[in-house]
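Listed features, source TrEMBL:
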type: DOMAIN; residues: B:144-558; note: domain 'Aminoacyl-transfer RNA synthetases class-II family profile'
type: BINDING; residues: B:GLU177, B:ARG223, B:HIS451, B:ARG492; note: L-aspartate binding site
type: REGION; residues: B:201-204; note: region 'Aspartate'
type: BINDING; residues: B:ARG223, B:ASP224, B:GLU225, B:GLN232, B:GLU485, B:GLY537, B:LEU538, B:ASP539, B:ARG540; note: ATP binding site
Protein chains: 2
Amino acid sequence: MMEGRSYYCGDVTEQQIGEKVVLKGWVQRRRDLGGLIFIDLRDRAGIVQIVFNTAVSEEAFKLAEKVRNEYVLEVEGKVIARSENTVNPNLKTGKIEIQADRLAIINNAKTPPFMIENETGVAEDVRLKYRYLDLRRPVMFETMKMRHAITKSIRGFLDEEGFIDVETPVLTKSTPEGARDYLVPSRVHPGEFYALPQSPQLFKQLLMISGFDRYYQIARCFRDEDLRADRQPEFTQIDIETSFMSQEDILTMTEKMIKRLMKEVKNIDIETPLPRLTYEEAVNRYGSDKPDTRFGMELVDVSEIVQNAGFKVFASAVTSGGQVKAINAKGAASKYSRKDIDALGEFAARYGAKGLAWLKAENEGLKGPIAKFFTEAEQSQLAAATNAETGDLLLFVADKKSVVADALGALRNKLGKELGLIDESKFNFLWVTDWPLLEYDEDAGRYTAAHHPFTMPFEEDIEKLETDPASVKAQAYDIVLNGYELGGGSLRIYKRDVQEKMFKALGFSKEQAQSQFGFLLDAFDYGTPPHGGIALGLDRIVMLLAGRSNLRDTIAFPKTASASCLLTNAPGAVSEAQLDELQLKLKAKK
Amino acid sequence: MMEGRSYYCGDVTEQQIGEKVVLKGWVQRRRDLGGLIFIDLRDRAGIVQIVFNTAVSEEAFKLAEKVRNEYVLEVEGKVIARSENTVNPNLKTGKIEIQADRLAIINNAKTPPFMIENETGVAEDVRLKYRYLDLRRPVMFETMKMRHAITKSIRGFLDEEGFIDVETPVLTKSTPEGARDYLVPSRVHPGEFYALPQSPQLFKQLLMISGFDRYYQIARCFRDEDLRADRQPEFTQIDIETSFMSQEDILTMTEKMIKRLMKEVKNIDIETPLPRLTYEEAVNRYGSDKPDTRFGMELVDVSEIVQNAGFKVFASAVTSGGQVKAINAKGAASKYSRKDIDALGEFAARYGAKGLAWLKAENEGLKGPIAKFFTEAEQSQLAAATNAETGDLLLFVADKKSVVADALGALRNKLGKELGLIDESKFNFLWVTDWPLLEYDEDAGRYTAAHHPFTMPFEEDIEKLETDPASVKAQAYDIVLNGYELGGGSLRIYKRDVQEKMFKALGFSKEQAQSQFGFLLDAFDYGTPPHGGIALGLDRIVMLLAGRSNLRDTIAFPKTASASCLLTNAPGAVSEAQLDELQLKLKAKK
């Protein structure tokens with residue numbers, strides 16, 4: 001500690017009893033108790049109690065009378081033990097207090113718009129406008145501190161493993177795939193634009209072509225998307241690329257990194273190797289490519305059982321190539337009224353389900369409006385398949401495969417929460433592997449890259465890129481934690497002809513491919529090693545490890561859902577002169 | 001090492017003799033020597049020699065015949081000792097070679113446009129276009145590795161000292177001071193713009209107001225300036241801010257950081273405390289606010305000696321409020337002909353000097369065209385003041401103070417290099433302190449901030465902000481290394497009234513101040529601690545520590561002087577649809 005400060009307020013304990021100390025901090029609260037003034041002084045380390053007593057210093061006492069919440073103070077005094085009955089066991093500093101003999105008011109403060117306390121009922125807009133006060137709340141500081149602890153652990157691991165931290169450009173080139181780029185007009189080249197990177201993907205591949213062998217960067221990335229609650233226009237990615245490593249090598253190395261991270265930051269031992277599911281298995285069993293495996297309630301395929309049943313909705317779903325699946329909400333029959341179940345049906349409809357059928361398991365068998373459509377044999381097969389016992393609620397969706405998965409997957413997560421099935425202390429990491437390489441985009445009438453256009457297909461599938469693109473699997477992998485995608489990666493294409501085939505499958509003309517990615521294709525000509533990597537979303541890791549429910553709480557100065565900064569009022573108008581320099585004009589507002 | 005690779009090529013030494021190894025790398029060169037093929041295989045760690053011998057493997061030998069430079073190979077073989085006479089003492093691996101019994105060509109390569117060697121005569125444009133090949137040159141990889149070592153050392157220090165690494169926004173608000181902002185149009189708020197930050201200045205101050213106490217970030221910053229050789233549109237700054245520390249505390253802490261950095265990265269012991277010069281002293285003695293102190297040749301003020309001399313140019317410079325100064329280029333008289341000195345005069349003219357007078361010290365006294373204007377007494381006073389001895393060349397500039405400093409300062413640096421006075425092994429760090437707070441901008445007809453508008457004046461100077469702004473000194477400091485400004489910082493204003501006075505001195509109306517910096521002024525109302533910090537230019541530190549002469553060599557993917565990326569061709573055109581979404585139009589080109 002410098003400039004006369006002896007300790008952080010929160011670090012003074014009974015070790016210092018008898019010591020004369022100088023502390024600096026903010027006033028958490030002041031209480032006047034007839035001849036004594038108590039001030040809770042706060043800094044980033046915590047709170048300590050200061051006592052002002054006319055018997056010790058008349059002058060300090062008089063000054064202390066003027067003090068208000070959030071004033072900045074310098075206090076000098078002796079650390080003394082609190083009397084037995086005033087010890088505060090909830091406070092690290094609760095066994096001591098500071099008997100002040102000198103006080104200086106370093107700065108005043110107006111009454112803040114909200115209390116500086118962990119629990120706050122204030123609207124988020126107000127917190128964001130006064131972010132500098134919001135960040136005084138200990139829980140916010142602790143989250144930022146954990147964010148730093150996380151990057152420190154990751155850097156420590158990667159440094160030891162021989163990875164080189166390389167900065168890649170933020171002013172780069174617009175690419176047509178995926179989300180929208182943020183554009184930056186060039187003054188030197190009027191009419192031309194830089195783009196902010198959605199990821200350092202191409203640069204990290206180029207570094208592998210340069211023989212860097214092991215690269216990482218904790219990289220800011222940008223996406224001009226319509227924002228959802230869990231997206232930010234700028235976000236941070238732990239970006240890793242390696243050469244000459246197999247998928248297995250990369251997963252193993254990532255697991256080692258995660259294991260160390262969880263130990264260093266949370267003191268939790270994670271068992272490795274992590275569980276793995278193929279994409280198909282994840283979707284089949286959990287209705288999700290990022291399953292929350294902290295609870296069961298897996299999806300059960302009952303298509304075979306119901307395909308000939310009298311319930312036409314089920315039977316025709318199966319015969320038209322779809323399927324019927326169920327989840328069993330154990331013991332939930334009595335918790336969900338018909339009205340509640342109707343609400344679940346509306347919820348499922350948001351995911352495309354045309355209906356939500358249900359049965360309750362009672363002592364007498366399966367009951368409910370659709371029970372009558374099933375024979376006794378079918379009923380007992382259904383009960384056996386879903387492991388239904390008295391009191392259980394069975395929910396069914398019959399539709400095409402993707403709708404069944406989406407609707408039941410979402411219902412499963414919803415019920416898991418509502419029924420309290422989730423052990424919040426668990427950190428269930430898992431891999432989802434063997435992704436499809438391509439997705440068919442109905443709107444565009446063409447295939448798009450499921451991950452990105454540089455993902456390596458399985459060797460044996462390369463020839464199917466032309467004949468049966470939908471069936472091509474990628475050497476790609478996602479890491480999932482508690483139902484959230486933490487990150488993903490892949491082996492990359494490293495031969496020009498394969499990359500050209502991929503661009504063709506994505507509907508690029510040769511000219512388009514060359515004009516957009518010519519420099520990468522050219523680079524493939526000069527000795528490109530096999531390479532691959534992974535990128536992990538730092539903001540989301542912080543959110544999950546810090547137990548926050550909002551990405552904005554993991555970022556010091558975040559933007560709102562409309563991509564605004566309420567603190568600085570960015571974005572804002574700029575002068576005509578600035579636009580002139582860029583040779584830009586605003587279009588008349590519609 | 002993974003996926004079967006035993007070692008990096010450059011790491012195989014005589015320790016491994018007898019071992020069977022698998023290596024992967026790039027072909028540096030191939031030599032066929034009648035029945036033997038030698039391949040130098042390169043990776044990031046270095047080069048190792050592979051020998052293909054039909055007696056060992058016919059198949060590998062046949063394949064090796066097809067190999068060309070920069071092919072990517074996998075080689076398996078035994079490490080054997082080289083015969084005495086083929087040992088290469090210049091190579092870490094020079095005592096061994098690999099007797100290959102298996103070879104796989106992982107990827108082909110076209111002949112690269114330049115050799116992958118440290119010494120390259122190729123034009124920088126070509127290097128930048130093929131940056132992925134340029135980065136294969138060992139010196140480039142080593143520079144990037146040193147860049148990482150530098151940030152690692154800095155992070156290590158700051159982590160230990162309790163600093164929290166906090167990310168601040170890249171999409172932020174345009175501010176009017178200093179260099180031009182890069183603007184980013186908003187799609188969600190048409191007609192509005194974000195700006196890329198020139199530094200995290202305001203955010204780091206807000207973090208101090210939040211009580212973070214110690215912040216750092218290795219932060220990307222942006223400046224849309226007309227680029228000089230040593231500027232990049234995006235650059236990286238080691239950004240530090242602290243609360244409750246004095247200037248002395250901050251300098252001491254920074255010195256500790258620099259000392260550790262130099263030890264860890266260069267194994268050089270730097271003596272601390274570092275030398276300090278006030279701004280005035282630096283300019284007076286070296287004609288520069290970032291003096292290179294690796295050599296002497298200080299500026300000598302001879303105004304008093306010459307003020308009454310017959311040489312009117314000198315006398316009138318002094319009487320009109322200017323000065324006359326000299327530098328003594330020791331022993332350089334015979335090295336500079338009249339023509340050479342004329343060239344020095346032209347050089348000085350670039351810095352505003354209207355003329356460059358000179359004298360040579362000979363056995364008989366000072367000689368030269370202006371010698372006749374000085375009395376014998378004046379001549380001997382001049383000789384004494386400049387410590388002139390036979391063979392020395394004295395150069396004089398007579399002008400207003402700033403021109404004398406600029407011209408002689410630049411000449412001093414030029415002569416220091418030309419005369420070989422500079423010990424390139426030295427790392428002369430120093431502080432320049434006590435900067436003027438404001439500079440008068442003749443064009444704008446107002447004062448501008450010498451550092452930035454948030455710099456704290458000396459307490460005793462605050463009242464002079466209104467009466468005598470030019471004389472106000474700042475609690476600001478620059479750190480200088482070998483004639484380069486490495487970084488600078490200051491204590492910051494932390495009281496609203498002082499900040500308002502500063503804005504007023506800068507010619508801001510109350511409304512302008514509020515609309516641009518209202519959030520900061522408002523924040524000052526809620527308990528702002530005294531704070532200050534420093535920012536160091538990472539690119540320049542890398543340049544100086546790696547002994548490079550070009551900032552572009554310290555950045556993996558830099559831009560040219562016209563802010564272009566020759567590799568990706570950024571910036572580039574964007575589609576009409578993208579502009580439509582931003583509600584922007586390009587102005588017709590003039």
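Residue numbering: from 1, along the chain as shown.
Placement of Cβ uses the backbone N, Cα and C atoms for every residue, glycine included.
Location within the structure of each feature annotated in TrEMBL.
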residue	record	DSSP class
B:ARG223	L-aspartate binding site	coil
B:HIS451	L-aspartate binding site	coil
B:GLU485	ATP binding site	strand
B:ARG492	L-aspartate binding site	strand
B:LEU538	ATP binding site	helix
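Among the record's ATP binders, B:ARG223, B:ASP224, B:GLU225, B:GLN232, B:GLU485, B:GLY537, B:LEU538, B:ASP539, B:ARG540, no two C-alpha atoms are more than 20 Å apart, and one pair sits at exactly that spread. For the binding-site residues B:HIS451, B:ARG492, B:ARG540, the largest tally of other C-beta atoms within 10 A is found at B:ARG492. For the region 'Aspartate' (B:201-204), residue counts in helix, strand and coil come to 4 helix, 0 strand, 0 coil, using DSSP. The closest partner of B:ARG540 (ATP binding site) among the binding-site residues, by CA position, is B:ARG223; the full candidate set was B:ARG223, B:HIS451, B:ARG492. Taking only the Cα positions, the spacing between B:GLU225 (ATP binding site) and B:HIS451 (L-aspartate binding site) is 17 angstrom. Around the Cβ of B:ARG223 (L-aspartate binding site), 19 further Cβ atoms fall within 10 Å across all displayed protein chains. For the region 'Aspartate' (B:201-204), the list of distant contacts is 168-169, 172, 175, 215, 217, 239, 241, 452, 454, 517, 520, 533: same-chain residues at least six beyond its ends, Cβ to Cβ under 8 Å.
The two recorded residues, B:LEU538 (ATP binding site) and B:HIS451 (L-aspartate binding site), have Cα atoms 18 Å apart. Its Cβ placed at the centre, B:LEU538 (ATP binding site) has 25 other Cβ atoms within 10 Å. If you compare Cα positions, B:GLU485 (ATP binding site) sits closest to B:HIS451 out of the binding-site residues B:ARG223, B:HIS451, B:ARG492. All protein chains included, B:GLU225 (ATP binding site) registers 16 other Cβ atoms within 10 Å of its own Cβ. For B:GLU485 (ATP binding site), the count of additional Cβ atoms within 10 Å of its Cβ stands at 16 [all protein chains shown]. Across the domain 'Aminoacyl-transfer RNA synthetases class-II family profile' (B:144-558), mean pLDDT in this model comes to 95.
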